[in-house]
């Protein structure tokens, strides 16, 4: 409902800042801070104008493309495939980008509390499972365009997104609300590596879109709620966020053990 409208407005603001500074890499980190800072203030400000809505969920929905999920995903894959020299700097850069987002959100929340209390956190109503599944598939199609995927790879890209979502949903049903990012990354990694055994196929076609589904949801949502210090986030601390990132990497590492490296080497 209203969360989608606010997320759209925050996304337009964040996207405008992002594309307006593309020509200058000198402000790459600063734009992450600025977009998070202004986006948070806009989301909170709209709580005065609109009926009650979950401001944190709307904020995360609007800023999700700024979360350095692609950098974290590529770095995780490179570490899993023993490319430490490339993976470690990429992960460190992703962490720095993420920290700038966090500082922007925290600064906006602190400034807001000088004048008003933080907006109350309303429980969001989940969409019907079938509708959620359809929307995830549509998002996978859009992601294939963003990734410049080949038409014949469309099914694999959408399949990676749906597999990541379905595995995490099943893990939540079995293990509780948090689910298991390690299990989700492991299943996704095995599927991608098996897919890469085919002729002219790459494991990344399945793994990358699936991890993009996992990384923003696990890392971004917990961190935003924790940074704002809102109710229900007592256990969403930085240590837990880092544990989630570690589980994603370990899931891929375990997948490379199940599907030996000789089966997909040279196809990346």
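Any Cβ shown, glycine's included, is placed from N, Cα and C.
Automatic prediction, not curation, is the source of TrEMBL annotations.
Under DSSP, residues within the domain 'Threonine/serine exporter-like N-terminal' (3-111) fall into helix, strand and coil as 94 helix, 0 strand, 15 coil. Residues or ranges marked as domain 'Threonine/serine exporter-like N-terminal' in TrEMBL: 3-111.
What TrEMBL lists as transmembrane segment is 6-22 (among others). Counting same-chain residues at least six beyond the ends of the transmembrane segment (6-22), those with a Cβ under 8 angstroms from any Cβ of the stretch are 28, 30-31, 34-36, 38-39, 42-43, 46, 50, 53, 55, 57-66.
Annotation source TrEMBL lists transmembrane segment at 34-53 (among others).
What TrEMBL lists as transmembrane segment is 59-81 (among others).
The transmembrane segment annotation in TrEMBL covers 93-115 (among others).
Residues annotated as transmembrane segment in TrEMBL: 127-147 (among others).
Panel annotation: around the transmembrane segment (154-175), residues 129, 132-133, 136-137, 139-141, 143-144, 147, 181, 183-184, 187-188, 191-192, 195, 201, 205-214, 217 of the same chain, lying at least six beyond its termini, place a Cβ under 8 Å from a Cβ of the stretch. Annotation comment: TrEMBL describes 154-175 (among others) as transmembrane segment.
For 181-198 (among others), the entry in TrEMBL reads transmembrane segment.
Marked as transmembrane segment by TrEMBL: 210-232 (among others).
Per TrEMBL, transmembrane segment is recorded for 238-259 (among others).
Proximity of distant same-chain residues to the transmembrane segment (127-147), defined by a Cβ-Cβ separation under 8 Å and at least 6 residues beyond the stretch ends, is recorded for 153-154, 157-162, 165, 169, 208-209, 212-213.
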